[in-house]
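Presented below is the structure to which this report refers.
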Amino acid sequence: IVSLSINLTLFGVAVVYLLLASENLHQLVKNAGKDISFCIWILIIAAVLCPPSMLGTPSDMWLVAVGAIVSTSAACIIIVANAVMDSADAPPAHHPPLDAINSFMAFGTICFAFGGHPIFLTLQADMKEPQKLGKALIFSYIILLVMYLPVAISGYVVYGDNAKDNILLNLSEGPMQYIVEILITLHLFFGFAIVVNPVCQEVEELVGIPTHFTYKRAISRSLLLVMVLFVAESIPQFGAILSLIGGSTSTLLAFIFPPVFYFKLCSMKGNWEQITPPLLQKVSCLGIMLAGLVAGVAATYAAVDVLATSSFSTPCYVDFR
């Protein structure tokens, strides 16, 4: 179940990255006066992402990770600055009352945004000092908060309910918007290779493909990329997919499984110091599991409802435009 959840999550993230990168480039080129079909951009970006997806393990991608964090940090600063500038001429933002569907969709999106759990162990396996994973994660989440909060707050205050799934579409046209679109697209290019890598490794291990580069790796990863491309062309929208992943598999990996496995490890007997969780810790873990279960089921239902009704988009291969 865990393996399936991890692979579905990372596969879904790869689809979202492909769609978002395609949307950004579609908008960027459209602003330059050339309107190339969004569906064609999906094909182009998939082809561009094929070579970096052939890299072996995250240990081969440290430069990719650095590029992702630098491009995202710069983009977040420019997004906030652009939103502040837009606030001078923008009409007053309208904030409708909360409703259940949007609240649970937001929960799924937030789980997606902070749901790096599927690749933590893959990263730890390639760390020079794997015992420092905890410190690395704390530092990483602090960085995420520093980047996410200003963007979310400025988008809420300036654009209100006009804010789109892709906040870049709300920014006023000009050099700042173009720079941000390029930076975020670079991040997506870098990030795609990282998130799809654990799925590729597991598939290759299951079918007995060597860990060094061979034609078998090229074939298996190309086929996986074709599957990502097919899903992206079938559901050419990323907002609801993002919430669906966050509310289902990400919730399992972040809220449900960790406490379950912690209790299981504490109950095991062996030649080590026995750990007995105190009552407060037990209650806290059970509370986390219950909250994750309720919110996850609701978020998944809300995302499926949106995909099936209001946000349904015709697949690209049916209406290629």
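Cβ atoms are placed via backbone N, Cα and C, with glycine included.
Curation plays no part in TrEMBL annotations; they are all automatic predictions.
Predicted, not measured: the structure shown is a model, and the values here were computed from it.
Here is what TrEMBL records for this protein:
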type     : residues : note
DOMAIN   : 1-301    : domain 'Amino acid transporter transmembrane'
TRANSMEM : 31-50    : transmembrane segment
TRANSMEM : 62-84    : transmembrane segment
TRANSMEM : 104-124  : transmembrane segment
TRANSMEM : 136-158  : transmembrane segment
TRANSMEM : 178-197  : transmembrane segment
TRANSMEM : 218-235  : transmembrane segment
TRANSMEM : 241-263  : transmembrane segment
TRANSMEM : 283-304  : transmembrane segment
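Against the transmembrane segment (31-50), the recorded stretches 104-124, 218-235, 241-263, 283-304 differ in Cβ pairs under 8 Å, and the greatest number is found for 218-235. Panel annotation: around the transmembrane segment (104-124), residues 5-6, 9-10, 13, 16, 57-58, 130, 133, 136-137, 140-141, 144, 148, 194-195, 197-198, 201, 239-240, 242-248, 250-251, 253-254, 258, 295-296, 298-303, 306 of the same chain, lying at least six beyond its termini, place a Cβ under 8 Å from a Cβ of the stretch.
Counted over residue pairs 6 or more apart, the CB atoms of the transmembrane segment (62-84) and the transmembrane segment (218-235) come under 8 Å in fewer than three pairs, which marks the two as apart. Residues 69, 72-73, 76, 79-80, 83-84, 86-87, 90, 93, 95, 113-114, 116, 120, 123, 127, 167, 170 of the same chain, all 6+ positions outside the transmembrane segment (136-158), place their C-beta atoms under 8 angstroms from a C-beta of that stretch. Counting residues 6+ beyond its ends, the transmembrane segment (241-263) has Cβ neighbours under 8 Å at 1-2, 5-6, 8-9, 12-13, 15-16, 19, 104-115, 117-118, 165, 235, 277, 282, 285-286, 288-289, 291-293, 295-300, 302-304, 306-307 in the same chain.
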